[in-house]
Each structure stands twice: as structure tokens, then as C-alpha cells.
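In TrEMBL this protein carries:
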- Asp299: active site, proton acceptor (ACT_SITE)
- Gly179, Arg243, Gly244, Gly268, Asn269, Gly270, Thr271: ATP binding site (BINDING)
- Asn269: Mg(2+) binding site (BINDING)
- Thr297, Ile298, Asp299, Met342, Gly343, Arg344, Glu398, Tyr450, Met451, Val452, Arg453: substrate binding site (BINDING)
- 172-474: domain 'Phosphofructokinase' (DOMAIN)
- Gly270: site 'Important for substrate specificity' (SITE)
Amino acid sequence: MATSLKTSSTFCSTQQNRWLQPTRDLILHSSSHSNVKQCKSKKIKRPASLCVKATSSKVELDFNDPSWKQKFQEDWEKQFNLPSITDIYDLKPRPTTFSLKKNRTPTGDENVDMWNGYVNNDDRALLKVIKYSSPTSAGAECIDPDCSWVEQWVHRAGPRKEIYYEPEEVKAAIVTCGGLCPGLNDVIRQIVFTLETYGVKNIVGIPFGYRGFFEKGLKEMPLSRRLVENINLNGGSFLGVSRGGAKTSEIVDNIQARRIDMLFVLGGNGTHAGANAIHEECRKRKLKVSVVAVPKTIDNDILLMDKTFGFDTAVEEAQRAINSAYIEARSAYHGIGLVKLMGRSSGFIAMHASLSSGQVDVCLIPEVPFTLDGELGVLGHLEHLLKTKGFCVVCVAEAAGQDLLQKSGATDASGNVILSDIGVHMQQKIKTHFKDIGVPADVKYIDPTYMVRACRANASDAILCTVLGQNAVHGAFAGFSGITSCICNTHYVYLPITEVIKAPKRVNPNSRMWHRCLTSTGQPDFH
């Protein structure tokens, strides 16, 4: 059973050697070395004596101990063990009702009975595959001072031979929370398809997010393959979305009253935290309910995952805005195209959109501080660009440069801080700056905020949604709960929700991808 554990970590470091915590918190926060502190309890003179209190189970790793890798991996296995309804119920599995054998035709000497296509419960996938030779390697995520290779295994996703539910008795519910995202309908569709393949006949949709569990007048919507067959052709959510929700206890009361056995929750970090709270409350009440999440966010800011569905489509749609800004800027005398893209806590959309467009001269993200004024500021660089090429294009993430703005202090229904508008601020600063120095500048500001998420999923996201939705159902029938269906290191896996909600995933300024973006834009350091 994977529980929500608090990590108490102590680090030792030298200026010559930097590495990250060997537990989820540091491995996951690989984008920042700000957590690395001098160990005050001991005087450190050389890397070999460096120490770390690493794990949530308070196992202290001594890197001079030859067995430290084994201790690390044992603790890792505990952390990434998947919670299951069998943790609270003594259940006997039954043979699965999910089979594709009937669709196979023997060829030659092939024995169809030898084929099943099921995933063994002991199957694992490597979370990370790069062996860094030095902590100074670009994007290095190291555990010890020598940057030793340590295998980090996670559970492989897919259908199992044995299941813990009787399909004909199951009532399954689907809910989509948070903001819109390309691919929501694709996931809903595939969850319904796969449930029916198992033999589930009672499938419902909860309207408008968690609100559908408590708002009077919102009734659950019966779902079937025939009803959802073509919903993937449209953007948005067939079930509707909303932020916030009632107390966890009230939601679980409603789950009990509706006799829901499986709950599939589609959403981002906040939604995952809510799903985990529902899972924990169900366990507390000893309910036989599987709560399975599917990671949805165009920001791509959920820990450990290669990407979340909707991200590829958002980046592709952002190209339209950047291309428009490029055309406007190039066609004007001293034209400056300014595009603000979504990214509440991370700059993945801005970085990938800038890298893929090849038309951006300056990319600004929240992970990399910058200044606007002064010799090394963004405005000075824009002057240089106008002198040398006559125009320029700037792409900025919505959370970038918040330290330059007055904070609103307000929050939305999900508890997220409402950000100040860096796009409008930069537009005004650019206009004022060039007016003050007597240089004409034609600023074209484009904010495609909701346009990049209200569209239909592209081919890449549609495939990802299909697999994630199918695997979510497989995980529920396997008895897992409090898990999320995702892709890590190109493989489809299950992760405990507790491991992905510790903090948002952020761009690593030392990563090769950010370095590639800088090479493409040619921008200098702005601080």
C-alpha cells in the first residue's frame, strides 16, 4: 500500500558536487537545485562523506555503506507500490472478462491458446534510463555524489488475467474537472468502450466536475458506446467541467448513495489531489471503490510523466498565434510580435511552441528569472533585434515575470492564485520604452489563452488519450485505487497519486531541452 508520506530530507553538498534527493521529492523537483542545502550538523570536507536523510520512511542513506543502493530501492518499491482494494478487503480474484483472443486468427503452427496479451502484476518499467556520468551533465538527476546509476522501477499498465469486480454488477462513473483540455472526449469515449468490453452495463457521467456530486439539479448521465461514439470529433468535454467542489466527505456520501464502484477522474494536479482525498476517504470507510485518475493538463506540469494529454495539441495550436505574430511583426516597420501562452506554474507550452516554431527571438518562462530594464534586460535586447533584423517575436508564459508585477492575492475556485497579466504589462512596457528613446515600434499583442485548449485533440494526443483511457479501466478492474494512468519513459504505467501531486513539474533550466530553445532563439541571459 502506498501512503501519503511526508519527506524529511537533509542534504550535504559542496560547490564541486551537486545532486538531487534520492526520493520522489528531489527526483521530481529536478528542475531546481534550490532544495540543496549545506549540512549544518557535520563539517563536510570531501564528497565521499556527504550524507542525506532521504526517504519518507526516514531511512538515512550513508553513501559509504556498500548496500545503500539496495536500501534506496527497497524504500522506492514501498513508495511506488500501488494501493488496492485488496488492502482492506480479503477478495479472491476471478478470471478476467477482457479478452481479445476471439479476434485472432491462427496462422500456420501458431497456438492461439498460448497468446493472451495480459500484463503480469510483476511487470515493471524503468522510470529513468539515462546514466549520467557526472552531476555537471546537462539535466543531471543524481542520487549520490558520484551520480551512480540506480534502477527506479514503476508498475506497468495494462489488462490483467485476474480481476476483482464482477462486471455485470459494476456501476462506473466518469467525471471531468478543472479547465477544458483537448482530448477529454477521447478519454471519456475510450473508458466507456473498454468498460463495455469487460461487460459493464451501468456507466454514468457526472456533469460539471465534482460539482455534479452535490449541486441540486445536476443528474448523472447514462453513457454507452452508441452515445459517445463520435464525441471525440469535438473539443471541450461532453460531460462539462468546473473548478472546486464540496467537501470530500460529502462527495463520498454521494458515491455511496449512488452505489458507484469505479470512479474515473480526469484532471490536473488539483483534480488528482481531490481524487486522492476521495480514495483515502473510501478506504477509511472500507468501501469497495476504485478511484483511478487520468492526467489532463495542457501545461504538462504533472510530476514524473513524459507528458499529459492535451499538451501536444496546445503546442500545435500555439503555432497559429506565433505565426500570426511573426507575420504581423515582419510586415511592420520595427514590428514586435508579442504572444502570451498558458502555463500557470511552468513554461512547457511556451518553450515547446518557441522551439517548434523557429520564429521566436525571445522565450520567457517562469522557471528562468529575467529583468525588463537595464543593460541586460529584455527591452535592451529588443532594441538590438530591431537594429539588426528590423523586427522580432517574443513568447511569454503567463506565469513568467510575476515578481515584476503587483500580486492580486486572489484565488480561483480551485484555490489557484490568480496571476497578474504579464502579457499586458510587457506590451505597455515595450511601447513606453521605445517611445522614451525615440525609436518607433509597432507592437502586436496576441493572447490565444483559451483557443489552445478548446479544440479537438490532434493525432498524437488522440492516441495518448485512447491508451490512457483503456489503461484506467484495466487498473480499476485489477483492483487498484488511488492511482493514475500515465506514460513514463515512453511506457504506459500506473503511479500512486501521492507521488505525482507533491508539486508541479517545472522546466529544468539546466536541461537539454531548454538549452535547445536558447540555441534556437539566440537570446542572452536577461539578469
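Every residue, even glycine, has its Cβ placed from backbone N, Cα and C.
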Residue, out of the binding-site residues Arg243, Arg453, whose Cβ gathers the largest set of other Cβ atoms within 10 Å: Arg453
Between Met451 (substrate binding site) and Asp299 (active site, proton acceptor), the C-alpha gap once rounded to whole angstrom: 14
Neighbours of Asp299 (active site, proton acceptor) among the binding-site residues Gly179, Arg243, Gly268, Gly270, Gly343 (Cα to Cα, within 10 Å): Gly268, Gly343
Nearest of the binding-site residues (Gly179, Arg243, Gly244, Asn269, Thr271) to Arg453 (substrate binding site) - Cα to Cα: Gly179
Between Gly343 (substrate binding site) and Thr271 (ATP binding site): CA-CA distance (Å): 17
Spatial neighbours of Gly179 (ATP binding site) that are distant in sequence (at least 6 apart) but have CB under 8 A: Val241, Arg243, Arg453
Binding-site residues: Gly244, Gly268, Gly270, Gly343 - member with fewest neighbouring CB atoms within 10 Å: Gly244
Length of the line joining the Cα atoms of Thr297 (substrate binding site) and Gly270 (ATP binding site), in Å: 11
CB within-chain contacts under 8 A for Asn269 (ATP binding site), separation at least 6: Thr297, Asp301, Ile302, Val500, Ile501, Pro504
Greatest C-beta neighbour count within 10 angstroms, which of the recorded positions Asp299, Glu398: Asp299
Least buried by Cβ count (within 10 Å) of the binding-site residues Thr271, Thr297: Thr271
Between Glu398 (substrate binding site) and Gly244 (ATP binding site), the C-alpha gap once rounded to whole angstrom: 21
